[in-house]
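So the structure is just underneath, and the comments pick up after that.
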Amino acid sequence: MALLMRLLTLALALSVGPAGTLAGPAKSPYQLVLQHSRLRGRQHGPNVCAVQKVIGTNKKYFTNCKQWYQRKICGKSTVISYECCPGYEKVPGEKGCPAALPLSNLYETMGVVGSTTTQLYTDRTEKLRPEMEGPGSFTIFAPSNEAWSSLPAEVLDSLVSNVNIELLNALRYHMVDRRVLTDELKHGMTLTSMYQNSNIQIHHYPNGIVTVNCARLLKADHHATNGVVHLIDKVISTITNNIQQIIEIEDTFETLRAAVAASGLNTVLEGDGQFTLLAPTNEAFEKIPAETLNRILGDPEALRDLLNNHILKSAMCAEAIVAGMSMETLGGTTLEVGCSGDKLTINGKAVISNKDILATNGVIHFIDELLIPDSAKTLLELAGESDVSTAIDILKQAGLDTHLSGKEQLTFLAPLNSVFKDGVPRIDAQMKTLLLNHMVKEQLASKYLYSGQTLDTLGGKKLRVFVYRNSLCIENSCIAAHDKRGRFGTLFTMDRMLTPPMGTVMDVLKGDNRFSMLVAAIQSAGLMEILNREGVYTVFAPTNEAFQAMPPEELNKLLANAKELTNILKYHIGDEILVSGGIGALVRLKSLQGDKLEVSSKNNVVSVNKEPVAETDIMATNGVVYAINTVLQPPANRPQERGDELADSALEIFKQASAYSRAAQRSVRLAPVYQRLLERMKH
């Protein structure tokens, strides 16, 4: 009962917020960032918030955890200052900001938050100031003084030339006829403004930044007697066109316009939703080689993939980007959208030339470079962007590169450049065949490969797939990087050249003079049939040198005992195919003899039972061969090791028994006696 009461007390404590109130709904991202800023500023007194200012600019941000430690925003260094949190002010002689700001009407509150220019323009109209000072409940997104001063002169002149129509309408568009706080500003919502019920777009991002028509909230939730004031960094204007309509009227989108029409994506860009279009200008298309561009424009599927790669699934305003973030496109790819100073970047490159062109269904950023996805590229183009350029050069020398630029459904198993660090192989008929065996006759995806699968190549070979815990291999070569899936082909980056099998394990051993003594031993033991038939074996093949290193009397004794010879040879044969790329730190491989082999790899050196392997991955149709310069001994043939194991087992038994009785504890003291008896058994 006492335990139950403690649990109930804990549950009640967790469900109750500050001052005994029930815990409320989850805080919005903005409120969470503000809370973090409060925590960082509390050492300076009550209601103090830490603020990060970007050095060399007037930009300030409430600090989140990541920015606090990095001290950077958009790659620029920041300095920390401490200010009164929204709604509070200092009191002379007291620490922090202990006093709540006295409530005034909307008009007066705009002056408090630093929007005196908005006050000035409000005074110029006949109707607006009385509304702001009178009864009612309103929200105003008040532009900062800097926002007004940054307006183009012709825009400002048109507003002030007709204050009771143009200026009044512009100011009313910044107002909503009810109180709206940041916790109500949901991502992707629209608010109805007081100018002809025109919509205002709201975006509330996970990093705590809130935008209104892509203008950032600088100071939020300043209460007034008749509403609330949010200070924003831009003067906002009405949005009338959708994305497709903007494409239609912009001269710089002539090529994009034609491409969208040909792809049928115009229905998407004029429909409902909130998208970001990274809109390539005419100049962006002109940078692409004519052959490549014509190929894509003439291929409906590639064209659609190209355009989908320029459409983000959500609206992303420039002011919301303070660091790199991955964003998904309509095509399912991801782009890294970031910033460097005042410039927006895509995949680390500053390609955005004009930003935040607002549409009713999203936002447009002009880009001066085409973002071609892998799915619209040929295999040759994919390879040109990967660390396999040497393999491509070899293909070109062999006259085989046309396979990678056409419409053949292929998967190219391309060795890394590092594979050729010792030189490029000579191009002859045999090398051409080997290169063709690096081209699989279908477009694959590595995530669908499975162990035991066979792949047909242009060179006429069947390649086997081996799946291990931490690697995926095709014959002796393992995939070293993520697939690149192109329009018709897929690029697999491989860690070595393939060596397709040329015969059975027995064929391999017979064809290599190093193994002549092993072949004779296999024949003597009657194991030829096993190594000639279909199967999956890993053979650690002792070389002639290994047999010659044995004491003559021991070797003669072994060869004279057919049963013992068979036992030892079977211990050298694993019951599955294990290529070196699948080994990892340690693999215990069961042998045909029954005991397990310990195979390990460290610093590119493969060992079996701690003995280094002389040569790895000699592929056969029914297995793989490793050359070793030692004859391995099964555990039963290692008396010292066997005795140690028995001794360890005896000690363990007595240790376990000691946990249960005093008699068992006395038995543990007898363990050294048993140890000595076992030592005698070994001799």
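Every residue number used here counts from 1 along the chain in the order it is shown.
A Cβ is built for glycine as well, from the same backbone N, Cα and C atoms used for every other residue.
A disulfide bond in Swiss-Prot ties C74 to one cysteine from C339, C473, C478, and that cysteine is C339.
For C85, the disulfide partner named by Swiss-Prot among C49, C214, C317 is C49. Summarising model confidence by region, the domain 'FAS1 1' (103-236) averages a pLDDT of 96. The Cα of C473 (disulfide bond) lies closest to that of C74, out of the disulfide-bonded residues C49, C74, C84. Taking C478 (disulfide bond) as the reference point, none of the disulfide-bonded residues C84, C85, C97, C317, C339 has a C-alpha atom within 10 Å of its C-alpha. The DSSP secondary structure for C97 (disulfide bond) is coil.
The Cα of C84 (disulfide bond) lies closest to that of C49, out of the disulfide-bonded residues C49, C74, C214, C317, C339. C97 (disulfide bond) has its Cα within 10 Å of the Cα of none of the disulfide-bonded residues C74, C214, C317, C339. Cβ neighbour count for C85 (disulfide bond): 20 (other Cβ atoms within 10 Å of its Cβ, all protein chains included).
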